[in-house]
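Asks: Under the heading intramembrane segment, Swiss-Prot lists 106-122, citing similarity to another entry as support. Annotation comment: Swiss-Prot describes S287 as phosphoserine. The motif 'Selectivity filter' feature in Swiss-Prot is assigned to 119-124; the stated evidence is a curator's inference. Residues or ranges marked as topological domain 'Cytoplasmic' in Swiss-Prot: 1-50, 158-360. Marked as topological domain 'Extracellular' by Swiss-Prot: 78-105, 123-131. According to Swiss-Prot, the feature transmembrane segment maps to 51-77, 132-157.
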Amino acid sequence: MDSSNCKVNAPLLSQRHRRMVTKDGHSTLQMDGAQRGLVYLRDAWGILMDMRWRWMMLVFSASFVVHWLVFAVLWYAVAEMNGDLEIDHDVPPENHTICVKHITSFTAAFSFSLETQLTIGYGTMFPSGDCPSAIALLAIQMLLGLMLEAFITGAFVAKIARPKNRAFSIRFTDLAVVAHKDGKPNLIFQVANTRPSPLTNVRVSAVLYQERENGELYQTSVDFHLDGISSEECPFFIFPLTYYHTISPSSPLATLLQHETPPHFELVVFLSAMQEGTGEICQRRTSYLPSEIMLHHRFAALMTRGSKGEYQVKMENFDKTVPEHPTPVVSKSPHRTDLDIHINGQSIDNFQIAETGLTE
């Protein structure tokens with residue numbers, strides 16, 4: 001398929017049609033008019049986990065600063081109510097108990113709040129054991145400070161250890177191809193695990209999203225299989241895997257691709273796998289538009305042998321495709337359906353799709 005012609009003649013690439021799921025798996029859906037408020041804030045932990053790192057750092061820094069400022073105001077209020085701001089702390093009046101030594105200004109109160117929170121040790125400023133209000137406020141600040149530090153530490157650890165980070169090492173091919181396998185046309189894509197640590201229990205599913213004339217989105221399940229593995233799961237994911245969807249007459253893609261000007265659609269692929277070391281489930285997503293489906297192409301070879309006979313993966317060929325000449329379908333007594341496939345308004349050679357049943 002000539003990419004330059006696609007850019008000129010393809011109505012599906014206009015600004016009116018945008019992705020619902022980006023190539024790296026992020027959703028572009030916008031919730032207009034959604035009622036957030038307190039209901040949204042109830043999931044504070046989930047909000048923090050979904051934040052970008054720069055916003056998370058800003059929120060945590062602001063939390064500490066606000067905590068210090070609030071207790072600085074409280075320490076200043078204790079000194080004000082106790083009459084400690086107007087006296088000489090080095091030579092205090094008789095019968096006067098100073099709650100916190102040398103808190104004579106708000107700056108000093110903020111410094112004392114900082115020392116209390118970080119437990120760096122008191123210097124010239126320290127609370128008096130004879131002032132109950134100071135001891136009570138000290139206990140409250142220490143308790144709330146420990147809770148804040150525990151929450152922030154847990155959030156950092158949880159964000160770093162998320163399975164989502166492991167999913168970033170899973171890579172899909174930028175394009176999907178339609179090529180013949182066993183005499184039948186198949187929609188094919190590849191996925192690679194770019195880290196040496198294997199993944200297990202790999203599952204792949206796909207959903208075809210189509211926009212109807214009334215503006216509603218219609219979802220259709222698209223089944224993919226992996227070579228000759230009969231189960232739905234691939235037990236071991238260390239080298240690149242190739243997934244196939246047979247374009248039979250019952251395939252939702254077969255009906256869609258035979259239109260001269262097909263409506264906009266998006267094929268979203270989901271891959272779930274288990275991390276071998278932790279047992280956590282990670283998921284990776286991508287999507288393919290009609291302009292990203294190449295007919296009569298197949299992927300270049302990836303697996304080679306090294307000098308010592310070991311297997312090697314040539315990742316430089318991961319996104320490469322090579323032209324394929326369509327192979328006629330050979331069957332004893334097939335029911336054939338000729339589909340004139342068009343992508344973005346361009347007529348492509350016919351595919352002969354044969355049903356697997358035999359006539360009597």
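Residue 1 is the first one shown; counting continues down the chain.
In case you wondered, yes, glycine gets a Cβ from its N, Cα and C as well.
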Asks: Are there residues at least 6 beyond the ends of the motif 'Selectivity filter' (119-124) whose Cβ is under 8 Å from a Cβ of it, and what are they?
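Replies: Same-chain contacts beyond the flanks: 101-102.
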Asks: So if I exclude everything within five residues of the ends of the transmembrane segment (51-77), which remaining residues of that chain have a CB under 8 angstroms from its CBs? That is, six or more out.
Replies: 100, 103, 106, 109-110, 112-114, 116-117, 137, 141, 144-145, 148, 152, 155, 159
Asks: Can you tell me which parts of the same chain pack against the topological domain 'Extracellular' (78-105), counting only residues 6+ beyond its ends and a CB-CB cutoff under 8 A?
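Replies: That would be 112, 124-128, 130-131, 133-134, 137.
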Asks: Which chain-mates of S287 (phosphoserine) that are at least 6 residues away have a CB under 8 A from its CB, listed by sequence?
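Replies: Sequence-distant Cβ neighbours: R19, M20, V21, T22, K23, E266, L267, V268, V269.
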Asks: DSSP says what for the topological domain 'Extracellular' (78-105): how many helix, strand, coil residues?
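Replies: Result for the topological domain 'Extracellular' (78-105), in helix, strand, coil order: 4 helix, 1 strand, 23 coil.
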